[in-house]
Amino acid sequence: MKCMLSTQILGLEEDINRLNIIHVAGTKGKGSTCIFCEAILRECGFRTGVFTSPHLIDVRERFRIDGMDISEDKFLQYFWDCWNQLEENTTEKLSMPPLFLFLTILAFKIFISEQVDAAIIEVGLGGKEDSTNVIKKPTVCGITSLGMDHTEILGDTLGQIASHKAGIFKPKVPAFTVPQPPEAMGVIFERAKEFMVPLEVTEPLDCKQIKGLKLGLSGDHQFYNAALAVSLCRCWLQKTGNWEKKYQDQFQDSNLPDEFMRGLSTAHFSGRAQIVYASTSNSHCSEIVSKNCGELIFYLDGAHSPESMEACAKWFSNAVEIPLKSSFEVQKADGSSENGHILHKGNTLGQFEKSFKRILLFNCLDVRNPHILLPRLVNTCASSGVHFSRALFVPNMSKYSKVVSGASAISSDLHGIDLSWQFNLQRIWEKITHGKEITVPIEKDFKIDSKEILPPPEFLNDNAPSGGHSHNGFASSAVIPSLPLAIKWLQDCVKEHPSTRLQVLVTGSLHLVGDVLKLLKR
């Protein structure tokens, strides 16, 4: 209701109805599906606008025009235009909208003003009560994979969650979804029948259908998101009268136009199955895995639900095996690329494998359940033969401290911070990896001014006593009170010990992933 009043104040209501909108809800993969849709339609020659959330580094990431974040000048222009109009019309009964609602209204303002051909809108939370559901006449709707997330708001059963997600359905507007658990699928079909919605279930793309093409977004789960995007874009083209103009129905369901193929292969979404090579003073080495050159690779994925954590684990397990078998391209912290991971002559595959240490860098919000997330991660990786040497638990930088220079030691912001959640995560980790509880309340012994604020040099050694008392009580994990300190410590380890090769999985929170990207790219 409040979103509708705000759009009326801004005079956007009729213009929103004229936008050719793809509206996407779901638990996992809705952002990736939106990005696939954007890439496909751009390759088809259309001007696109995409609204996703959350942002990782800059709020402008939420508003993409033609595949690029909106420029700062345009963002400020549209921001203040919306803000001033809404502020002028506030009353006792109608206050300024909260953040996400305001950003949703701003997205519509931007896409209308920029005259996009296709507006691709990701639902923020749920669907039925989400502020994006001010959309009354979408061109097509999509629902990605559903799972147990935001249960405190959406309900504690898949059926209740599915009811919220299917709340974006509009009378007789076509919709697509991916295979869902029976409980969820039943509700989705029931809601579709209620609104006379033509509903189709898309099966994941297979290698034959895309001729062995590598998707721009990594992970097996992306084949579901890509298939959903293909169906949404095909329907969008048909409903807007562009399919027959471009293809004259020459493509059957088993074949994809070249534009679709290019879009699927070029899609890019930061913080989702992203690999970043972190530069060190040794990164000029011609063979970055030779004996004389350290290596630090970050694998970033903002998984924060049980299902997405499992998908993240499968992706990471596959990704860390790639450099052991062949050369592949990794993204450097400055955004450029470098081909690396070439076996040094004389090294056997077995020696090469042993030289890598897998480190988990983790945090999650306290509304998540780490008793489910961490075991799902560990067990899924272990089933592929991938094991973590150590784990680091840190607070998100954006909450506890500012970005500081690499030369800075310990920020004064560290004093007085509450690390009880991170120590709780560490206890759960130790229970998983060692099968026993930590009985000593180790956080009481942790002092910011202590020399043990960072793990000691031997922390990464294979001969460190597993489960024995070392840093923070156990050798296999550590709590570090600052993310900048944790990143700098990892970089220093590689810099000071050239034979050290670290593969660091950063997961549990998109906010954590965004903070790591800030530090690596600043």
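Each residue, glycine too, has its Cβ placed from N, Cα and C.
Automated prediction, rather than curation, is the source of TrEMBL annotations.
Computed from a predicted structure; not experimentally measured.
According to TrEMBL, the domain 'Mur ligase central' annotation covers 24-171. Residues or ranges marked as Mg(2+) binding site in TrEMBL: Ser53, Glu122, His150. Taken from TrEMBL, the feature ATP binding site applies to Arg272, Asp301.
Shown here: features listed in TrEMBL, placed on the structure.
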| residue | record | Cβ contacts under 8 Å, 6 or more apart |
| --- | --- | --- |
| Ser53 | Mg(2+) binding site | Gly31, Arg62, Phe100, Leu103, Glu122, Gly124 |
| His150 | Mg(2+) binding site | Leu125, Gly126, Ile161 |
| Arg272 | ATP binding site | Gly31, Ser32, Leu217, Asp301, Gly302 |
Next on the checklist: An 8 Å radius from the center of the Ser53, Glu122, His150 Cβ atoms defines the neighbourhood of the Mg(2+) site; name the other residues of that chain inside it, in order.
Outcome noted: Lys30, Gly31, Thr52, Pro54, Val123, Gly124, Leu125, Asp130
Item to check | Average pLDDT across the domain 'Mur ligase central' (24-171), rounded to a whole number | outcome: 94
Checklist outcome for this item: DSSP composition of the domain 'Mur ligase central' (24-171), residue counts helix/strand/coil, works out to 69 helix, 22 strand, 57 coil
Checklist outcome for this item: Row Glu122 (Mg(2+) binding site), column other C-beta within 10 angstroms, all chains, value 25
